[in-house]
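According to TrEMBL, the protein carries these features:
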| type | residues | note |
| --- | --- | --- |
| DOMAIN | 39-74 | domain 'EF-hand' |
| BINDING | ASP52, ASP54, SER56, PHE58, GLU63 | Ca(2+) 1 binding site |
| BINDING | ASP91, ASP93, ASP95, LYS97 | Ca(2+) 2 binding site |
Amino acid sequence: MSLTDILSPSDIAAALRDCQAPDSFSPKKFFQISGMSKKSSSQIKEIFRILDNDQSGFIEEDELKYFLQRFESGARVLTTSETKTFLAAADHDGDGKIGAEGINLFIYR
């Protein structure tokens, strides 16, 4: 399964266009524009599984910086500031990584 099986390619493209400039990435806005915020909990878990590059069950900081590239291979890498802000917002237990439940809570709050 790929992200375009769950999300519209045009919505993904719009979300990526919105955050092309360094330090312009807003996770909440990206989730809204891409359509992720309208998906069910089970669909978010499937998206999370696709984004979890090493299939560890978590998205760690080193994976998170390549978040946009998981949507489109030519997308930019998140800046250190964007990565740390995203991690801090979605890491609900402070363990330095984001689990599927953490991303679900973050998207829907």
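Residue 1 is the first one shown; counting continues down the chain.
Keep in mind that glycine also has a Cβ here, set from the backbone N, Cα and C atoms.
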Integer Å distance between the CA atoms belonging to PHE58 (Ca(2+) 1 binding site) and LYS97 (Ca(2+) 2 binding site): 6
Going by DSSP, how much of the domain 'EF-hand' (39-74) is helix, how much is strand and how much is coil, in residues? 18 helix, 3 strand, 15 coil
Quick note, ASP91 (Ca(2+) 2 binding site): same-chain residues at least 6 apart with CB under 8 Å of its CB -> LYS97, ILE98, GLY102
Between the C-alpha atoms of ASP93 (Ca(2+) 2 binding site) and PHE58 (Ca(2+) 1 binding site), the distance in angstrom, to the nearest integer, is 12
Give the sequence-ordered list of residues that share a chain with GLU63 (Ca(2+) 1 binding site), lie 6 or more positions from it, and have CB atoms under 8 Å from its CB. LEU51, ASP52, ASN53, ASP54
Ordered by sequence, the long-range same-chain Cβ contacts of PHE58 (Ca(2+) 1 binding site) under 8 Å (at least 6 apart) are ASP52, LYS97, ILE98, GLY99
Starting from the Cβ centroid of ASP52, ASP54, SER56, PHE58, GLU63, the recorded Ca(2+) 1 site, name every other residue in that chain with its Cβ within 8 Å, sequence order please. ASN53, GLN55, GLY57, ILE59, GLU60, LYS97
